[in-house]
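Have a look at the structure that comes next, please.
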Amino acid sequence: MTHLTLTRPDDWHIHLRDGDSLADTVRDAGRYMGRAIVMPNLVPPVTTTEAAIAYYERIKAHSSTAFEPLMVLYLTDKTSPDEIRAAKASGKVVAAKLYPAGATTNSDSGVTDVNNIYGVLKAMEEEGLLLLVHGEVTDSAIDIFDRERIFIENILSKVVADFPGLKIVLEHITTKDAVDFVMSAGDNVAATITAHHLLYNRNHMLAGGIRPHFYCLPILKRNTHQQALLAAATSGSKKFFLGTDSAPHAKDKKEAACGCAGSYTAHAALELYAEAFEAEGALDKLEAFASFNGPDFYGLPRNADTVALVKSPWQVPESYPLGSTTVVPIRAGEIIGWKVED
């Protein structure tokens, strides 16, 4: 197969950052994505509806296409049910994000104990606002490769049981444990999967030298977990959909003694997913994963127009502009076999 026409996809998890980076991140995100769930972990975080709408306007100011950002509230111990109701009424905010405090980039203001937000989760269940979850515990005694599994066992399973009417997305899943949990849960639980977790495992990051641009959170796992993710993404299950978790950091912040977590894939998101699906002999499953399952779960219409993927190898630039700096993308300087036609 050398040509694919797909309903325009959406990205159900992306980091656009802010300030002078926005012009570059919005350009890449909006090149062929119809919509994107925009992460709220700015500095300061997007904790109010007012802040979310202001961020929406900053993003739209840099968009020359019909690209539509879907906004997310950042949950803290102090988030109120009234804020949830205001978010739902805004028409711009579609979800709220649970970051366990300290779990990832700019998450220090996150939730210290999920019991602190049970009133908020009840309001979300009543209002129909989705809960997005970074599923890792933060206990320093827990091995970093086990933090997703422990979070599911100790925290998420209880939330799912206590709020059966709450739609929950376990974001950027990385383990067989997460796949099994999502598959066994009700129709109100789904998951996003990144392209880099489908294409790579921890050997790519650590064997033969440390490759900092593969360092992300949740961290890449062993290849058995990678295979479980591939099986889930290509299974045809409606519970799994595209979320790049594309997370730009300036080159000097990645290539450092203590480098930041995050991989940049927005420059070639659909192309990278196509490679993963092609390797599994499942290109026929790509459209549902990229274009149908996400909007169906969110209760939004599917995009009406299409994009074309062609088998046309191209070389990824060594870097892309990121405001006054540069970002090194996944596959920098390497060949990608698929290309979205402009």
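Even glycines carry a Cβ here, placed using N, Cα and C.
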According to Swiss-Prot, LYS97, HIS172 bind Zn(2+) 2; identify which of HIS62, HIS134, HIS204 is listed for that same site.
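The record-listed residue among the candidates is HIS134.
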Determine which of HIS3, HIS225, HIS249 appears in Swiss-Prot for the same substrate site as HIS15, LEU16, ARG17, ASN41, HIS134, LEU217, ALA261.
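Between HIS3, HIS225, HIS249, Swiss-Prot records just one in the substrate site with HIS15, LEU16, ARG17, ASN41, HIS134, LEU217, ALA261, namely HIS249.
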In Swiss-Prot, the Zn(2+) 1 site includes HIS13, HIS15, LYS97. Which of ASP245, ASP252, ASP284 does it also list there?
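Of ASP245, ASP252, ASP284, ASP245 joins HIS13, HIS15, LYS97 in the Zn(2+) 1 site that Swiss-Prot records.
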So, in DSSP terms, is HIS172 (Zn(2+) 2 binding site) helix, strand, or coil?
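HIS172 (Zn(2+) 2 binding site) sits in coil per DSSP, no helix or strand.
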Give me the Cα-Cα distance between ASN41 (substrate binding site) and HIS13 (Zn(2+) 1 binding site), rounded to a whole Å.
12
Please report how many Å separate the Cα atom of HIS13 (Zn(2+) 1 binding site) from that of ASP245 (active site), as a whole number.
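Rounded to the nearest whole number, the Cα-Cα distance is 5 Å.
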Please report how many Å separate the Cα atom of LYS97 (Zn(2+) 1 binding site) from that of HIS134 (substrate binding site), as a whole number.
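Roughly 8 Å, rounded to the nearest whole number.
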Rounded to an integer, what is the Cα-Cα distance in Å between LEU16 (substrate binding site) and ASP245 (active site)?
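Rounded to the nearest whole number, the Cα-Cα distance is 10 Å.
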